[in-house]
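Participant: Here TrEMBL flags 1-16 as compositional bias 'Polar residues'. According to TrEMBL, the domain 'Sodium/calcium exchanger membrane region' annotation covers 134-295, 368-511. Summarising the annotation, TrEMBL assigns region 'Disordered' to 1-72. The feature transmembrane segment is assigned by TrEMBL to 106-129, 135-155, 167-188, 200-223, 235-253, 273-292, 365-383, 403-426, 433-459, 465-486, 493-514.
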């Protein structure tokens with residue numbers, strides 16, 4: 001075996017050292033010599049390109065409406081700034097607001113319902129001149145609140161057009177529930193516990209069945225099927241189910257105690273304690289729901305979300321099928337039915353064309369706030385006369401407090417949501433329509449009812465979550481039906497008719513129902 005000499009083995013370390021030395025020498029040679037003009041121009045071009053890129057990023061951030069300081073302070077502040085910017089940005093550009101007198105004229109001629117404003121002084125006059133005419137006071141106050149609720153909706157629409165769709169829907173639901181909240185507070189101060197509970201449950205039933213049913217039915221007259229956000233609908237179904245559970249648990253608690261052989265002297269206080277604890281939890285859930293809707297998952301509540309199915313119009317049966325060609329005009333109302341996943345470019349042509357149009361406000365922001373304040377005061381005073389007349393109205397036995405609270409009062413309070421939701425449903429904005437109708441029900445269940453429980457706790461009033469058994473069952477059936485209807489993410493006129501029919505069935509049943517005696521002051 002031949003052994004190679006040490007000199008014949010290549011020195012790897014020496015070669016690497018030599019290459020490194022040569023590279024360093026080249027670098028020193030490059031930097032020691034003065035730069036050529038060509039090199040200076042190349043460096044300048046690179047620096048200019050870097051500045052252009054930086055300015056482009058800054059301009060893009062400014063275009064998004066997100067301050068540069070928020071972008072540089074970490075991902076959390078960036079997400080908050082992005083969510084606030086998207087929620088506050090209106091869908092369409094808003095034009096210049098008119099002057100004061102033009103805005104005031106728009107308020108006067110906002111709706112033909114303003115003709116009913118004449119009943120405001122009439123109801124007040126009867127309350128002071130003939131306080132024993134309970135039926136007339138109730139009827140006149142009932143008619144007076146309807147146009148006031150419409151003016152609330154009108155002023156709310158004027159304010160909401162300056163914000164994004166999510167905040168607009170939240171404002172419509174919040175200010176739309178102002179009538180119910182005012183009536184409930186006045187009834188609570190007068191110890192009308194049964195009226196408070198019935199009016200709140202009736203508001204939920206009215207929004208879920210009557211208002212939502214009218215939205216589906218009105219939209220179904222223009223569209224064969226209307227799509228809406230499936231993700232937001234599933235969240236709404238879960239929240240509605242939770243609210244029903246919160247109402248049914250005190251009833252189950254009471255039933256379990258009554259089934260025991262040994263009577264519990266602290267039963268009423270235990271029910272109140274359970275109601276207070278559940279009310280605090282529901283308020284916390286409502287706060288989480290607001291964070292979910294306005295910040296973390298704001299995209300689920302927009303009509304432009306990816307999970308919103310395409311709405312389809314009716315086929316014009318008077319035209320041959322071959323005439324429905326893609327070159328037809330965009331405003332053609334006879335758009336053929338589209339299967340799910342098919343090309344729906346022609347179907348969405350008209351809505352997309354409408355969305356780029358400019359919104360024209362009829363009032364300034366300041367005048368809208370002033371109108372809201374004045375109308376709220378008028379509602380509060382008129383609602384007090386309305387509540388005061390309920391006892392005299394129901395003394396004869398022709399009508400019960402349950403029917404007044406479950407059917408009549410919610411019709412007055414939901415007039416604003418009814419008009420707003422149906423109007424946007426016909427315009428193929430069903431996600432916003434559901435946000436107003438179902439969102440209002442969620443707000444009553446998770447905010448108004450717990451708020452009233454906590455307020456009664458503070459005032460020492462025995463208001464609890466122990467609702468009438470028949471009211472609880474009706475609420476459960478309504479929520480189950482709505483959950484089935486919205487499960488597929490689309491609607492038609494028949495589903496709207498089903499919801500409205502269920503509401504009429506419940507109204508007939510409550511007309512003949514004699515309520516049980518619950519907690520009283």
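Keep in mind that glycine also has a Cβ here, set from the backbone N, Cα and C atoms.
Automatic, uncurated: that is what TrEMBL annotation is.
How buried are the listed features, and what sits near them?
Facilitator: Residues of the same chain lying 6 or more positions beyond the ends of the transmembrane segment (200-223) and with a Cβ under 8 Å from any Cβ of it are 177, 180, 184, 240, 243, 247, 311-314, 405-407, 409-411, 413-414, 417-418, 421-422, 425-426, 428, 430, 433-434, 436-438, 440-441, 444-445, 448-449, 452, 467, 471, 474-475, 478-479, 481-482, 485, 491-500, 502-503, 506.
With a cut-off of 8 Å between Cβ atoms, the residues of this chain six or more beyond the transmembrane segment (235-253) that come close are 201, 204, 208, 270-271, 274-275, 278, 282, 285, 289, 292, 300, 434, 438-439, 441-442, 445-446, 449, 464-467, 469, 472, 475-476, 479, 482-483, 486-487.
Away from its own ends, the transmembrane segment (365-383) comes close to residues 97, 100, 103-104, 107, 120, 123-124, 141, 144-145, 148-149, 151-152, 154-156, 158-159, 162, 175, 178-179, 182-183, 186 of its chain (Cβ-Cβ under 8 Å, at least six residues beyond either end).
Within the same chain, residues 166, 169-170, 172-174, 176-177, 180-181, 184-185, 188-189, 196, 200, 203-204, 207-208, 211-212, 215, 219, 228-229, 232-233, 236, 239-240, 242-243, 246, 272, 275-276, 278-280, 282-283, 285-286, 289, 301, 414, 417, 420-422, 424-425, 465, 482, 486 sit at least 6 positions outside the transmembrane segment (433-459) and bring their C-beta atoms closer than 8 Å to a C-beta of that stretch.
Counting residues 6+ beyond its ends, the transmembrane segment (465-486) has Cβ neighbours under 8 Å at 197-198, 201, 204-205, 208-209, 212, 216, 228, 233, 236-237, 240-241, 243-244, 246-251, 254, 271, 274-275, 278-279, 402, 406, 434, 438, 449, 453, 495, 498-499, 502, 506, 509-510, 513, 515-516, 518-519 in the same chain.
Residues 205-206, 208-210, 212-221, 400, 402-403, 406-407, 470, 474, 477-478, 481-482, 485 of the same chain sit 6 or more residues outside the transmembrane segment (493-514) yet have a Cβ under 8 Å from a Cβ within it.
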Participant: For the transmembrane segment (135-155), which recorded stretch in the set 106-129, 273-292, 403-426 gives the largest number of Cβ pairs separated by under 8 Å?
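Facilitator: If we count Cβ pairs closer than 8 Å to the transmembrane segment (135-155), 106-129 scores highest.
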Participant: Same chain only, please: residues at least 6 beyond the ends of the transmembrane segment (403-426) with a C-beta under 8 Å from a C-beta of the stretch. Say none if there are none.
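Facilitator: Contacts of the transmembrane segment (403-426) (Cβ under 8 Å, skipping residues fewer than 6 from its ends): 142, 145-146, 149-150, 152-153, 156-157, 172-173, 175-177, 179-180, 183, 194-199, 201-203, 205-207, 210-212, 214-216, 218-219, 221-222, 226, 386, 390, 393-394, 432-433, 436-437, 440, 471, 506-507, 510-511, 513.
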Participant: Please list the DSSP helix, strand and coil residue counts for the domain 'Sodium/calcium exchanger membrane region' (368-511).
Facilitator: 117 helix, 2 strand, 25 coil
